[in-house]
Amino acid sequence: LLRMNVQSKLPLISSFTAITRNATVRFTATPEGTALAYGSLLFMALLPIFFGALRSVRCSKSKKGGEMPETITSRDAARFPIIASCTLFGLYLFFKLFSQEYINLLLSLYFFVLESLLCRILSARLDPDVERLRHHLTNSNNVVFAEILNYEFDTKSLICLVLSSVVGVWYLLKKHWIANNLFGLAFALNGVELLHLNNVSTGCILLGGLFVYDVFWVFGTNVMVTVAKSFEAPIKLVFPQDLLEKGLGASNFAMLGLGDIVIPGIFIALLLRFDVSLKKNTRTYFYSSFVAYIFGLVLTIFIMHTFKHAQPALLYLVPACVGFPVLVALLKGEVTEMFSQSKEGLGIVI
């Protein structure tokens, strides 16, 4: 997924941006259950943004493993809302014309293959000493074969592959919400880390376009909500509102689309790289945008809960995540530097 061209990635992860409830049965959540669900979604959303932003700085010039970040240009940013709309409406038509069970089975198999993303996250967490234990597909170092396939792996890779495979099988067979969230967090973390905006202007174009896209598809039609509820794939984070009553078998969920994490997240990561490029040993723009994201998401949840209607989260997140840092730049007299900084100036390793 993350190695496709840039235009093909974000539509998938930004096509489900409503926070909504499972409407298959009439259910009234308790205040405690509601607070737990929304608080957990907020916490899970912050994790990939914070750590993905830190990792995005470190991988800016890293060539290790060939995991070079994808650069989003202003032309890419202008195309995203159109491509996202086509993808979203196409999925809507598919669910209307074909059996939902078959579609979700194919999607489950597809995301099972993408378990390598989870493997990559786990790999970074294991003891580096394990990496030195190498394995090769031969019985002896003295045997020489014609080289057809040269793939070297280590114990750490094997452990991560086994763990991620277990999660993949768990999700494929049970569609459990915890397995869904593990994959969703892995996708979001990789998205924030590896998708790089080339400058702040491009970020404003991207967020502005998807702001309009989000508002139209949530308020203008029922397409977004319909697809979000029908699409059984880890492209959203979910948390049950009836967890306290039913435990791990709970079935009434609050949902947050990965697009509401990755889209603002890559902009926040850009501002962290801008902070680093200023060489002032401060993270003013990063922290201001991070706090703005929290404010915007809390406001989204409040509005959704008050009016009992799915909300386009980017309606609240975009003004907050763009407005707060720009206001800080105005107060510090650094607006020119912010909007003139290029990708090259932001590629600093810490």
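Placement of Cβ uses the backbone N, Cα and C atoms for every residue, glycine included.
Where the annotation comes from TrEMBL, it is an automatic prediction and has not been curated.
Sequence-distant contacts of the transmembrane segment (35-57), counting only residues of its own chain at least 6 positions beyond either end whose CB sits under 8 Å from a CB of the stretch, comprise 19, 29, 69, 181, 185, 188-194, 196, 237, 239-241, 243-244, 253-254, 256, 260-262, 264-266, 268-269, 272-273, 276, 286, 290, 293-294, 297-298, 301, 305, 348-350. Annotated transmembrane segment per TrEMBL: 35-57 (among others), in sequence order.
For 77-95 (among others), the entry in TrEMBL reads transmembrane segment.
Residues annotated as transmembrane segment in TrEMBL: 101-122 (among others).
The transmembrane segment feature in TrEMBL is assigned to 179-197 (among others).
A Cβ distance under 8 Å defines the sequence-distant neighbours of the transmembrane segment (204-228), meaning residues of its chain 6+ beyond its ends; these are 14-18, 20, 72, 74, 76-78, 80-81, 84-85, 88-89, 91-92, 95, 197, 236, 255, 257, 259, 263-264, 267, 310-315, 318, 321-322. Summarising the annotation, TrEMBL assigns transmembrane segment to 204-228 (among others).
The transmembrane segment annotation in TrEMBL covers 248-272 (among others). Here the transmembrane segment (248-272) has long-range neighbours at 10, 13-22, 25, 27, 29, 34, 37-38, 41, 44-45, 48-49, 52-54, 56-57, 72, 176-178, 184, 187-188, 191-193, 195-197, 199-200, 203, 206-207, 210, 214, 228, 235-242, 283, 285-286, 289-290, 293, 296-297, 313-314, 317-318, 321-322, 325, 346, meaning same-chain residues at least 6 beyond its ends whose C-beta is under 8 angstroms from one of its own.
Residues 19-20, 34, 38, 41-42, 45-46, 49-50, 53, 260, 264, 267-268, 271-272, 274-275, 313, 315-321, 323-325, 328-329, 332, 338 of the same chain lie 6 or more positions beyond the ends of the transmembrane segment (284-307) yet place their CB under 8 Å from a CB of it. The feature transmembrane segment is assigned by TrEMBL to 284-307 (among others).
The feature transmembrane segment is assigned by TrEMBL to 313-331 (among others).
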